[in-house]
């Protein structure tokens, strides 16, 4: 990771970030395809899916979502490197990026839960069998 922290401008990391975002898109597409072809066909697993909970278990994942949207550390650097610096443009870019991030999290969470049901763990990668 050392070579990625050497550049002084955030803009110089755009190619590495693009590769990372493409990998995330690929993984989420794989989650959706696997859930549709394997997990959502199992009726016993579909009956065990709980969409809304009234207890405190729903709040346990709140810390994960709060940590996943922590981009304010880079906000000043991104604003400084914008071509047209304005509060409106910065708000527009931030809203677009947060909407994309939330959409990806919701898709991965829903289809991962639909695929594995109550067997879901903290890391979805641990649930996939690399041999099958």
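Just so it is clear, glycine is given a Cβ too, placed from its N, Cα and C backbone atoms.
Annotation comment: TrEMBL describes 2-130 as domain 'Amino acid transporter transmembrane'. Residue counts for the domain 'Amino acid transporter transmembrane' (2-130) under DSSP (helix as H, G, I; strand as E, B; rest coil) come to 95 helix, 0 strand, 34 coil.
Marked as transmembrane segment by TrEMBL: 15-37 (among others). Residues 4, 104, 107-108, 111-112, 114-115, 124, 128 of the same chain, all 6+ positions outside the transmembrane segment (15-37), place their C-beta atoms under 8 angstroms from a C-beta of that stretch.
Positions annotated as transmembrane segment by TrEMBL: 58-79 (among others).
The transmembrane segment annotation in TrEMBL covers 91-113 (among others).
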